[in-house]
Amino acid sequence: MTTDAPLPAPGREVHTLDALDSAQAESVLALLSEAARSDGRQAVSEQGRLRIRGGHRDGVRHFLLTVDGALAGYAQLEDTDPVEAPAAELVVHPDRRGHGHGRALGAALLAATGKRLRVWAHGGSSAARHLAQVLGLSLFRELRQLRRSLVPLDLAEPVLPEGVTVRTFEPGRDDAAWLAVNRAAFAHHPEQGSLTQQDLDDRKAEPWFDPKGFFLAERDGEIVGFHWTKVHAEERLGEVYVVGVLPEAQGGGLGKALTSIGLHHLAAEALPTAMLYVDADNTAAVTVYERMGFTTHEVDLMYRTES
């Protein structure tokens, strides 16, 4: 792995913080907005954006790159996975690109993790791929964004397994039970399975949260699966936010039925398009979604160090 230090730049500094104050958070969010307008996509995930305002979170650090005191770049590092290397996302202000700031942030992340690092490149742009190569990172994971039209929604009415009923989420009442089912359903997927009450509260506080689009499947009064939908109002885009089924309830068509229920809900909201994210190596899920009319829209790439 060749990761020569970036050339020094006059006035450039990288500051590492465990939490951001309100002014720093606003500056970072403004930078992210400018980058999203320029790039056509977010450089930092929803979870990462929630952490910017969320104060101190165990295992999370923020890297602010400034030039003559002005914010020019940002990175977030999460070190909560007991097995995998710390994961990072980074972005440079569109007006500050081409000056080695991305490489400087990458070098700071490598130094902070002892050169044991994973980095997301949302959208997999050529610039992001080049930076990964410069930092000595190798492609590790491919996350696909799939989309399909909801006009018309040419899906049959969902058929639930025998004994299963569906209702909508009740905030407060269902929190603990849903978190337990989410942990069990995503025991193999720490990014989703490790969600806490604080993570759930953060999402419930977001303007997009609507319990009418959060469906719970029950058998004998116990939650056995769910489909949480999300509406991106500005883009008029519906999302299959997360679908989960308890391991013991899998294999009977519940996941497909829940997905269909959510898509019918999004179509009833007069949304023209639905989207979802799925790992490319989850071939079974990719096949199911493709049979439901989804096709690949774009790809997020994760790179990691060899060590």
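Glycine is no exception: its Cβ is also placed from the backbone N, Cα and C atoms.
According to Swiss-Prot, the protein carries these features:
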BINDING   L90, V91, V92  acetyl-CoA 1 binding site
BINDING   V243, G244, V245, Q250, G251, G252, G253, L254, G255, K256  acetyl-CoA 2 binding site
DOMAIN    15-158  domain 'N-acetyltransferase 1'
DOMAIN    164-307  domain 'N-acetyltransferase 2'
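Its Cβ placed at the centre, V91 (acetyl-CoA 1 binding site) has 26 other Cβ atoms within 10 Å.
Under DSSP, G251 (acetyl-CoA 2 binding site) is assigned to coil, being neither helix nor strand in the three-state scheme. Here V243 (acetyl-CoA 2 binding site) comes close to G225, F226, H227, W228, G255, L258, T259, G262: these same-chain residues lie at least six apart in sequence, with C-beta atoms under 8 angstroms from its C-beta. Looking only at the binding-site residues L90, V91, V92, the one with its C-alpha closest to V245 (acetyl-CoA 2 binding site) is L90.
G253 (acetyl-CoA 2 binding site) sits 40 Å from V91 (acetyl-CoA 1 binding site), taking the C-alpha atoms as the reference points. Per DSSP, the secondary structure of the domain 'N-acetyltransferase 1' (15-158) breaks down as 50 helix, 42 strand, 52 coil. Comparing CA positions across the binding-site residues L90, V91, V92, the one lying closest to G251 (acetyl-CoA 2 binding site) turns out to be L90. Taking the mean position of the Cβ atoms of V243, G244, V245, Q250, G251, G252, G253, L254, G255, K256 as the acetyl-CoA 2 site, the remaining same-chain residues with a Cβ inside 8 Å of that point are G225, A249, A257, L258. Neighbours of the acetyl-CoA 1 site: apart from L90, V91, V92, residues of the same chain with C-beta atoms within 8 angstroms of the site's C-beta centroid are A35, A43, L65, G73, Y74, A75, E89, H93, H101, G102, L105. Between the listed binding-site residues, namely G251, G253, G255, the fewest other CB atoms within 10 angstroms of a CB are found at G251. A sphere of 10 angstroms centred on the C-beta of V245 (acetyl-CoA 2 binding site) encloses 23 other C-beta atoms. Pairwise Cα distances among V243, G244, V245, Q250, G251, G252, G253, L254, G255, K256, which the record gives as the binders of acetyl-CoA 2, peak at 15 Å.
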